[in-house]
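TrEMBL has this to say about the protein:
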- 469-733: domain 'G-protein coupled receptors family 3 profile' (DOMAIN)
- 12-35: transmembrane segment (TRANSMEM)
- 468-493: transmembrane segment (TRANSMEM)
- 505-527: transmembrane segment (TRANSMEM)
- 539-563: transmembrane segment (TRANSMEM)
- 583-602: transmembrane segment (TRANSMEM)
- 633-651: transmembrane segment (TRANSMEM)
- 663-683: transmembrane segment (TRANSMEM)
- 695-719: transmembrane segment (TRANSMEM)
Amino acid sequence: MYLLTYFCNDYAYYYTLCIIFHLMYAFIYLFYVFFFHSVNLRDFRMAQIMIFAIEEINRSEGLLPNVSEFAAEDRCNGQSLIHAIIGESESSATVILSRTTGSFKIPVISQSATCDCLSNRKDYPSFFRTIASDYHQSRALAYMVKHFGWSWVGAVNTDNDYGNYGMNIFLNTAQEEGICVEYSVKFYRTETEKLKKVVDIIKQGTAKVIVAFLTSFEMNNLLEQLSVQNITGLQMIGVEAWITAKSLITSKSFRFLGGSLGFAVRKINIEGFSDYVIKEFWDTAFPCSQTERNSSQYALNCSGYQDLLPLKNYNEDVPEQRYASNVYKAVYAVAHSVHSLLNCREQKGCEKGLTIQPQQVSNQFNPVGYYDASLPPDQRFVLNTENIIWVGGQLGPRSVCSESCPPGTRKATQKGKPVCCYDCIPCAEGEISNETGNLQQCPGEYWSNAEKNKCILKAVEFLSFTEVMSIVLVFFSMIGAGLTVLVAILFYIKKDTPIVKANNSELSFLLLFSLTLCFLCSLTFIGRPTEWSCMLRHTAFGITFVLCISCVLGKTIVVLMAFKATLPGSNVMKWFGPAQQRLSVLAFTLIQVLICVLWLTISPPFPHKNTKYYQEKIILECHLGSIIGFSSVLGYIGLLAVLCFILAFLARTLPDNFNEAKFITFSMLIFCAVWITFIPAYVSSPGKFTVAVEIFAIVASSFGLLLCIFVPKCLIILFKPEQNTKQHMMGKASTKSN
């Protein structure tokens, strides 16, 4: 830490920049290193930078005119001449200094104290620096680790403000970026036993990348312990405090630090500084010079001072050179502050009689700068990996807790371990993982393939004509329609026989026609549902079945009326003759037609992709549109069927020649039983089985009507023609009446 004093030759008041610099001890130190040891340039270089900057300001006519000279002070007693302190270098020492001077509001400007804790303006209101805080460096380290895909790392830091704050920022950023830290340990330079424990943890760990937030001194201690235990093959990630330290560049340390990566302060050359030091200081202080004619004479004149020869090249890329510009900026920052306070003007000098307080100098400093995070995401971090010489080979190290899961598997976090430690298990149905290892849910109409690495379109399921179940249903439907046509042909051939004429042959033929339509309408339920097929299947089913039941109801009423007509004085047949029978069938059917028209107008059925029953496939079905419409159609059919059943049941005891009522009763019993069981089966059957259940109900109820009503008559016509006579029927009727 240095203190330098400004004062004005011509003014009653002199103004100071105080930099503590023990000049006498410096010369003693130089004498010692000249004869007994090598030169440590860090502190000496910082002092020379400040002197160079001050003399440059003194020569300037635009900055602090008429204010010149500096004084090196080794004490600060008496009246305070200090208006700003430039230093300290280390963060921990700067924390102590800033807390001490903060009460006096004396600004402290550091060229290399990077601890993020010093950014707290409440605790350190008068602290400033010309270097970025560790907040940015720590985040950049995390970004670099992520860039190389190192998701499993270890962390070591020095146990002081510098290391603790910096490592905390790194750990938080690493967590945000999905990086897992196997261990985070710390030690101080004097804690030898703790350092050994840290090395044991590193040895037992599986992480191949170590983020070391250490100073060069502590890094050297760590390397010694790594060498003792022969721990190699680690990729070191460093900070500016040690990544460019020349003291660590040895043949012994290369097997531990070879290929290390880190961030360092950018080197900025100060124009004229090298010439200032070499020509003015060294040429004056020592009897050797760069202007000698040949190398032998040069070596002879410099005999005894060979250890100082490296100082000739001040532009060499050494860590001190990287911080030189920060010291230079600090001096100029103070000068500009004082210049502003003194109202200095070119060629007119500065105002006299002004007294400057330290807090006034502090108020002139405004934190300025930028951070790469303000750039677009793709420009925040740029790295040329081709120039990296990795330790142990040409390929960069790989440091992960668990290898990436192959396509088709997902990560399952291991119990008690960080998220970067996981097992790879097969993806669930409907989920995939590709080369990136990201688990994805397939969209609505897609499903995972067998390998679980790609989403494919879900299979669309409907009752197609090519399925075995469809073929069976179509077969029975066609058999039923064929049998109905054959019965109609037989009845047409025998239309003049008593058994055909006994119960209104017109209704019989109309019933056979409607039964044929019932068998055929079941075919509309098979195949890919479309808008027209959905409307056709339900309306055709509803209308044809009402027509069928209406005919059966008409035949039942005819039976009852015919029996009543045989009673003495009865005249009921004139009220329900053939014309009335046709009108009743038409009226009952028109009501169903009206219901279907309203249904199709208000909310018609439509094709619907149902994903409710199966996740892996889509059921393409006909949505009912309106539940009320569908219920009305079924309800009306059920109402007519129940009415027909009741009337037929009442007519079951009529004479044998009118025993058709018994067969109608059986047919209606079968019809009602089929459709009563249809409702729960329809609701509970998934997918295409719903359609199959509906087709089965249509075919079964149609067969019930055909077999119960017409087969007995066909048997008499074909196999018992002697019973198909008027006399036989009248005889049976007479026998039954007696």
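These residue numbers are counts, starting from 1, taken along the chain as shown.
Backbone N, Cα and C define each Cβ position, glycine as well.
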Considering the transmembrane segment (539-563), which listed stretch of 468-493, 583-602, 695-719 counts the most C-beta pairs under 8 Å: 583-602
Contacting positions for the transmembrane segment (695-719) when only residues 6+ beyond its ends and CB under 8 Å are counted: 473, 476-477, 480, 483-484, 487, 490-491, 494, 497, 499-500, 508, 511-512, 515, 518-519, 521-522, 525-526, 541, 545, 548, 552, 555, 660, 663-664, 666-667, 670-671, 674-675, 678, 682
Beyond the flanks of the transmembrane segment (468-493) by at least 6 residues, Cβ under 8 Å: 500, 505, 508-509, 512-513, 515-516, 519-520, 522-523, 526, 688, 692, 695-696, 699, 702-703, 706, 710, 713-714, 717-718
Residue numbers, six or more beyond the limits of the transmembrane segment (633-651), whose CB comes under 8 Å of its CB atoms: 538, 541-542, 545-546, 549-550, 552-553, 556-557, 559-560, 563, 588, 591-592, 595-596, 599, 658, 661-662, 664-665, 668-669, 671-672, 675
PLDDT averaged over the residues of the domain 'G-protein coupled receptors family 3 profile' (469-733): 85
